[in-house]
Amino acid sequence: MEKSERPLIKKKRPFRKKKRSFRKRRSPIESGHQIDFTNTSLLNQFISQQGKILPRKVTRLTLKQQRFMTSAIKQARILSLLPFVFDDKKVKKKQKEEFQKKQKEEFQKKQKEEFQKKQKEEFQKKQKEEFQKKQKEEFQKKQFQKKEFQRTKSTARTTNEKQTNEKQTKSTARTTNEKQTKSTARTTNEKQTKSTARTTNEKQTKSTARTTNEKQTKSNDRTTDLRTRKK
């Protein structure tokens, strides 16, 4: 019988954690080292009235926090026992310098703000004045152009009126001259016709009178001749 082939299974390696030290070694505390007081209410819980660290049941989560607390308490206790000399003059001098520096900075800041504000106001005022001046000039220019246009319009109107008046006067003069010439021509024609008619009438009357006189004289002469012959 043949052996059944099974898939090769890798052997599981045992999971081993690296050994870690329970507490890290710290450098010895000296004067000037910084103490980290993160939570004062928690510190008060761990310290008794006599200044001793109280034993507490610690869980795995709060272990790290308690370690930091105990180290901070120990540091504070050691530092409080170290011989620090409190120099009041130096402290006061430092405080005075800090206060003067702060006041100087505030004064400089205030001065700077006032100067900037003043500059801004002057710039805005200048801009406003320039804008108003520009607007005024444009308005005056428009007004001048308007007046010029009205003047040219009025002059054009007056010239047109003058031209029309001249044309009217010329036309009226022409018509009056024509009328006068026509009337004079008519009157002269009438006078001529009247005079010619009068002269013709006079001539006709004279000729007729002459002819009648001649006829009468002839007839009278004939009658006288006949009378003389009868006698």
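Glycine is no exception: its Cβ is also placed from the backbone N, Cα and C atoms.
Marked as region 'Disordered' by Swiss-Prot: 1-31 (among others).
What Swiss-Prot lists as compositional bias 'Basic residues' is 9-26.
Per Swiss-Prot, compositional bias 'Basic and acidic residues' is recorded for 95-151 (among others).
The annotation region 'Disordered' is assigned in Swiss-Prot to 95-231 (among others).
Per Swiss-Prot, compositional bias 'Basic and acidic residues' is recorded for 159-169 (among others).
Residues or ranges marked as compositional bias 'Basic and acidic residues' by Swiss-Prot: 212-231 (among others). Across the compositional bias 'Basic and acidic residues' (212-231), the DSSP tally of helix, strand and coil residues reads 19 helix, 0 strand, 1 coil.
Note on the compositional bias 'Basic and acidic residues' (159-169): none of the residues of its chain located 6 or more positions outside it place their CB under 8 angstroms from a CB of the stretch. The compositional bias 'Basic and acidic residues' (95-151): residue composition by secondary structure is 57 helix, 0 strand, 0 coil, according to DSSP.
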